[in-house]
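A.B. asks: Below is a structure I'd like to ask you about.
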Amino acid sequence: MTTTFPSGLSHEAASARLAAEGANELGTDQRRTLPTIAGEVAREPMFLLLLGAGAIYLAMGDAHEALILLGFVVIIMAVTILQERRTEKALEALRDLSSPRALVIRDGVPKRIAGCEVVRDDILILVEGDRVPADGIVLQAHELAADESMLTGESVAVEKFPERGEVFAGTLIVRGQGLMRVTAIGSRTELGSIGKSLQDIVAESSPLRDEIALLTRHLALIGIGLCLALAALFWILRGGWLDALLAGITLAMGILPQEFPVIMIVFLALGARRIANQRVLTRRLNAIETLGETTVLCVDKTGTLTQNRMAVTSLSVGGQFLETADISGCELPETYHELLEYAVLASEIDPHDPMELAFHGFAREYLANTEHLHPDWSLAREYEISSELLAMSHLWRNDSGKQDIVATKGAPEAIADLCHLPEDARLRMSRDAESMADRGLRVLGVAKAKHSIHETWPDIQHEFEFEFVGLAGLADPLRPEVSGAVAECHRAGIRVVMITGDHPRTARAIAASAGIDGSTLLTGDELANMDAGALAQRISSVNVFARVTPQQKLAIVEALKANGDIVAMTGDGVNDAPALKAAHIGIAMGKRGTDVAREAASLVLLEDDFTAIVAAIRLGRRIFANLRQAVVYTLAVHVPIIGLSIIPLFFGLPLVLAPIHIAFLELIIDPACSIVFEAEAGSRSLMQQPPRPHTEHLIATPHLLGGLAQGVMATLSIAIFYMLSLRAGIVAEEARALAFIVLVTANAALILSVRSTHRNWQQMFTAPSTVALWVLAGTLSGLALITGVPSIAQAFAFQPPTLQHWLAAFASGIGTVLLLDAGKIGLRALGRSG
Ligand SMILES: Nc1ncnc2c1ncn2[C@@H]1O[C@H](COP(=O)(O)OP(=O)(O)OP(=O)(O)O)[C@@H](O)[C@H]1O
Ligand SMILES: [Cu+]
């Protein structure tokens, strides 16, 4: 492909056209309208209960109370709409990510933009692995072929040629490169006309989501049963069926686990944002919960562990070696000129590959005034590298009029094959190559051949008469942070497996400097000769795979999965897609990655950096731990509500809670409190314990019991405070207010307690997050308002308590939680000594 581009549209023209003709998108706007959202809200049980309670108040002639409850209906509406919008936005962002990106030429400069910003007449560069963003005609093509099966059902790649070739939106470039001019976008493309959409992101079900749904359903069932029982009991004990119904509804509102699904979505959506701050994009929300379970992390060497910045450091010709560091500033000895000459001839004219860039740069520096550079030769034929033969050749036409020059470079074994080296020469060469590889260098062999211009070009590289020229060693240094991150993985019980196409010796040397144990190593050839069973057996002790083809990554993933591992795997090319899809977490490289790889992956790295993956795993563990705490907390704060609905009934006391109190707690206080956990930084021990087993539930019996125990303790202390107040002759309205103060204070303090499970109690008050401080301040002021301002207090059937009583109730709420913590510490101490 020539490197002169048409200059394309200007930025102004493109944005004008984008405004006039719309974005390159398929399908209709799926945003829900207000009536549909209202319809959804109307089906919320909380809404129905509030309406029911309001109707009963109306029937009892209390229009005031009914109106206030109506106010809460508005609150639910608002919260639901906000929530919808937020989820919608998160999904939209995901959709943007999965939509193809396009390399467009604007003002003569190639530029990556989102596929939806492509306009008619844009000039696009197509590369292997791209998903074509719009319909268009092919302007230039170099071995270009597309998979059009999504349009035609035909899975054979269709070759594309300039001028008469057409390419279609949604199809995949499986080979070669090319230039296209866009002729149709959005719904006017072939894909649009058959009404298909590529980017259907559905919230898949996941173990975590299923568990939360189950928990919600169980609690709902228990709730309904309890409410019916309570209503019946009330009717028997006190009579008055309207009051009985109201008591039942109050309890139902209190038990209703409506927060759980909300907490779940909020944690995952905010979690995705936190992970994005580490420059890792989440394409599937489920990946967030799987991250914390990861037991094996399979990574590419080049670019992920290393910097993907190659430098020529070592040359070898005829048994002589040269370290480039030794000659800096001097001339390159004549012996090595030909090696460098052919390395450049075997590279692209305008290279992107870091190795070829290194050769070009080195040649510019040392061959500038020699006869070894040939800008006037023309490239007549290219032979691509393949996984069968790790070498690539260029056939050059020069002005001799007799012979074309062929240059090749590739893996030393491949070059030895091409040169038909005799056994002893082959041994010598591999010894030389290994001495470079042992230093972590990537070693390339270089060879040359001549080919008469009167003969036809052979189809395969083997038919040339190659002559060996020499070896070049290129250094690609490890990223400086990698060995620290690998060590962190090991502390966290995560195995790091390196997979590379490179030479085993190079692989082992790089593995060693990264801190990966490469003492047992498998090569692609060995892999190919193993059956699945044998591989599954071996794989638990092998951390380095070398000379592996991308296709073999799939076998590695499958073997790890067969061993019960939870596998995260990185990849970037078209051939990596099956492995990325098969892994529990497929991780695509945002910079080098192809559209195909990104579509198959659940995470996309914006910086192709290993440490970002480790940071994401740390966040995954933290999100799960925080989610667990939030759910335990929510369970715990439901208990006092249930208790306070039932206890007064049994003891013949005035009721404490009415629907309005529950609405206040369930709609404002508790949800706000549970969000506090999202911002928890997570304890340092998170990455010092093995991954959570795949089978571990979010809420197991100990968590359930722990939460219930906390709730029961709080209930007891509130009930006792309430009864003592009444006994002391405080009027029912003030006693109710006091009980409510104890309840809310205890709930708020419980946040500090739950989040301190792994710390000691002094730390309970240290370093709460900003969110926590805001929520605590908000809760306190809300509480002060409804118990202190007479007009508001009246709506809650409160009489403002005296300051002394207020403070006593407040202290009692905090004291309860302190007692709980003391109990917890005591239990732990007992456990340790016993
Ligand atoms: N442009 C090239 N010219 C000649 N040989 C090449 C070229 N690219 C790769 N090779 C040969 O193919 C081998 C495998 O390369 P490949 O690109 O598969 O490795 P990689 O997948 O980039 O490495 P990693 O797996 O570490 O990311 C290299 O070690 C080298 O010998
Ligand atoms: Cu020379």
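Residue numbers in this text run from 1 along the chain shown.
Placed from the backbone N, Cα and C atoms, the Cβ positions cover glycine too.
Just lifted these from TrEMBL, have a look:
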DOMAIN    3-56  domain 'Cation-transporting P-type ATPase N-terminal'
DOMAIN    97-198  domain 'P-type ATPase A'
DOMAIN    654-823  domain 'Cation-transporting P-type ATPase C-terminal'
TRANSMEM  66-82  transmembrane segment
TRANSMEM  219-238  transmembrane segment
TRANSMEM  244-270  transmembrane segment
TRANSMEM  630-651  transmembrane segment
TRANSMEM  657-677  transmembrane segment
TRANSMEM  698-723  transmembrane segment
TRANSMEM  735-752  transmembrane segment
TRANSMEM  773-797  transmembrane segment
TRANSMEM  803-822  transmembrane segment
A.B. asks: Going along the chain, which residues at least six beyond the ends of the transmembrane segment (735-752) come within the CB cut-off of under 8 Å?
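C.D. replies: Same-chain residues near the transmembrane segment (735-752) but 6 or more away: 633, 636-637, 640, 644, 654, 656, 661, 665, 669-670, 673, 676-677, 710, 714, 717-719, 721-722, 725-726, 764-765, 768, 772, 775-776, 779-780, 783, 786-787, 793, 796-801, 805-806, 808-810, 812-814, 816-818, 820.
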A.B. asks: As a test: from 66-82, 244-270, 657-677, 773-797, pick the stretch that has the greatest number of Cβ pairs under 8 Å with the transmembrane segment (630-651).
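C.D. replies: The stretch with the most contacts is 244-270.
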A.B. asks: Find the average pLDDT over the domain 'Cation-transporting P-type ATPase C-terminal' (654-823) in the predicted model and report it.
C.D. replies: 84
A.B. asks: Residue counts in helix (H, G, I), strand (E, B) and coil for the domain 'P-type ATPase A' (97-198), per DSSP?
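C.D. replies: The breakdown for the domain 'P-type ATPase A' (97-198) reads 16 helix, 48 strand, 38 coil.
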A.B. asks: Tell me whether the transmembrane segment (657-677) sits in contact with the transmembrane segment (698-723), defined here as at least 3 Cβ pairs under 8 Å among residues 6 or more apart in sequence.
C.D. replies: no
A.B. asks: Given a Cβ distance threshold of under 8 angstroms, which distant residues of the chain, six or more beyond its ends, lie next to the transmembrane segment (244-270)?
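C.D. replies: Same-chain contacts beyond the ends: 44-46, 49-50, 52-53, 56-57, 83, 86-87, 90, 208-209, 212-213, 215-216, 219-220, 222-224, 226-228, 230-232, 234-235, 238, 285, 288-289, 623, 626-627, 630-631, 634, 638, 641-642, 645-646, 649, 655, 657-659, 662-663, 665-666, 670-671, 674-675, 678.
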A.B. asks: State the non-local partners of the transmembrane segment (773-797) in its own chain: residues 6+ outside its ends, Cβ under 8 Å from one of its Cβ atoms.
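C.D. replies: Those are 64-65, 68, 658, 660-661, 664, 668-669, 672-673, 675-676, 733, 736-737, 740-741, 744-745, 747-748, 751, 806, in sequence order.
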